[in-house]
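Record features (TrEMBL):
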TRANSMEM  19-37  transmembrane segment
TRANSMEM  43-62  transmembrane segment
TRANSMEM  96-116  transmembrane segment
TRANSMEM  132-150  transmembrane segment
TRANSMEM  162-183  transmembrane segment
TRANSMEM  189-207  transmembrane segment
TRANSMEM  316-341  transmembrane segment
TRANSMEM  353-373  transmembrane segment
TRANSMEM  380-401  transmembrane segment
TRANSMEM  407-426  transmembrane segment
TRANSMEM  447-465  transmembrane segment
TRANSMEM  471-491  transmembrane segment
Amino acid sequence: MAQETQANNRRIARNTIALYIRMFCTMVISLFTSRIILDSLGISNFGIYNVVGGFVAMFNIFSSSLTNSISRFLTFELGKGDIEKLKRVFPTSQNVMFALSIVVLIVGETVGLWFINCKANIPVERLEAANFVYQLSIATFIMGLISVPYNASIISHEKMKTFAYIGIFEVVMKLIIVYTLYVSTFDKLKTYALLFFLLSLSIRLIYGIYCNRNFKECHYRFIFDKPLLRQMTGFAGWNFLAQGACQLNGSGVNLLINIFFGVTLNAARGIAAQVNNAVSQFITNFSVAISPQITKSYAAGNLPEMHKLVFRGAKFSYFLCLFFLIPICLETEYILNLWLIEVPDYTVSFVRWTLYITAINMFSGTLITALHANGNIKRYMIIVGLVEVSNFPLTYIAFKLEANPLYAYYIYFGIYLVLMLLRLYLVKDLIKISGRQFMREVYAKSALVSAASVVPPLLVMFAMPSCFLRLVLICIVSCLTTVFMVYALGFTDEERSLLVSWARNKWRRGHHKRHSVIY
């Protein structure tokens with residue numbers, strides 16, 4: 001058992017490193033390209049792209065729940081070692097995604113077109129371009145749907161190096177797209193949408209070819225397994241409630257901001273989302289690496305190992321977020337002015353509040369993964385979905401009462417604070433963990449580390465005028481302080497011992513290699 005745990009830890013570490021290399025390349029290129037894209041498109045076109053893309057993203061209400069269902073069933077059967085069942089899960093998941101693609105196409109070409117042309121706050125002279133972007137966004141979204149079973153297979157098999165290589169290829173191609181956009185003499189909004197569709201098609205083909213060659217189950221054959229289909233859609237159906245609420249909070253509120261305040265604030269929200277995505281990549285990579293192990297541990301009946309992964313995963317995800325949260329939130333205005341040529345109104349506040357919401361959401365990731373492994377999600381999804389969906393009507397009421405755009409974030413933050421505690425209460429008995437222990441080990445330690453870590457960089461900020469040197473010093477002080485506080489206040493004795501042991505082993509191996517070279 002101990003050897004198996006060590007092997008799992010090594011696998012998680014290797015996969016995390018591979019994903020972080022992917023993330024670093026993605027983040028650097030994405031931050032650079034965002035500046036060029038905003039400059040090339042202009043605030044109005046960038047806002048239009050976010051409105052149209054935001055509406056299409058609302059179809060994630062359907063796809064996200066099915067994506068979670070597919071990932072759960074593939075990983076669960078791998079954990080059990082049932083290859084024959086695995087060979088039935090994959091084609092069944094493909095059939096589901098093909099059917100969903102048809103539904104998206106029908107809804108998109110009816111309700112979607114009506115909204116874009118009749119309700120969205122888009123300048124009349126750009127409606128034709130907006131419709132062109134909309135059609136390509138629908139096509140790109142469908143490409144993503146068809147890729148879901150392949151992506152899920154790579155993650156379930158924990159082939160993160162492949163995932164990383166394809167991700168790096170994708171961001172390099174995005175860099176080429178941005179250069180093409182910069183020199184293009186055609187309509188830049190249309191050019192941007194067309195090139196991204198072609199990239200999406202290329203990535204879809206790469207995933208398909210790799211999975212067909214490397215995984216036995218990834219060969220399409222028509223299977224109508226009614227019991228399995230009922231299981232998967234039943235799981236997805238309950239998951240739909242929470243995922244639907246999440247999409248309504250994101251894309252739905254984006255549309256409300258467009259209707260009440262126009263495309264300029266959609267551009268600000270789009271920039272905030274890009275900053276948040278860059279930060280979230282760090283945490284997501286860790287979660288992607290650890291999630292299959294949580295599901296496989298549960299499937300194998302190894303609950304103690306699963307509990308360790310759930311506790312550590314929740315806590316470490318928050319600590320990773322904290323590394324970026326403190327310096328970015330203290331220096332938001334300077335960073336945005338350094339990064340962008342023109343900063344839309346409200347962008348600074350949007351960025352800060354988006355990161356605050358992301359931080360408190362970090363605690364729930366591993367709890368939800370463990371819940372999905374358990375499979376008994378009905379009660380959880382109904383309650384969480386109802387609480388989460390309240391954000392949309394509350395934001396609408398606030399805007400109707402002429403509140404400023406920041407109220408969307410105030411309401412969102414308050415709801416997610418409630419959900420942070422509610423999720424733990426609903427999940428703890430299902431996966432057999434102690435709620436008090438989770439609050440003590442995760443919530444309390446995270447709050448203590450946060451309070452202690454923010455003080456030194458805050459003192460630097462108050463002691464110096466805004467400049468590049470202050471930004472550098474805040475980043476250095478924040479990083480060093482957070483590392484120390486996480487080690488001293490955030491880790492358990494066992495985690496500190498494991499870290500020290502790992503560091504000693506690495507040092508000894510490095511010393512041995514140097515010694516061998518000398519002699």
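Any Cβ shown, glycine's included, is placed from N, Cα and C.
Keep in mind that this is a model prediction, so the values were computed, not measured.
Long-range contacts of the transmembrane segment (132-150) within the same chain: residues 48-49, 52-53, 55-57, 59, 63, 66-67, 70, 74, 90, 93-94, 97-98, 100-101, 104-105, 108-109, 112-113, 116, 189-190, 192-194, 196-197, 200-201, 203-204, 207-208, 210-211, 218, each at least 6 residues beyond the stretch ends and with a Cβ under 8 Å from a Cβ of the stretch. Between the transmembrane segment (316-341) and the stretches 162-183, 353-373, 380-401, the greatest number of Cβ pairs separated by less than 8 Å involves 353-373. Looking at 162-183, 189-207, 353-373, 380-401, the range that has the most CB pairs within less than 8 A of the transmembrane segment (407-426) turns out to be 380-401.
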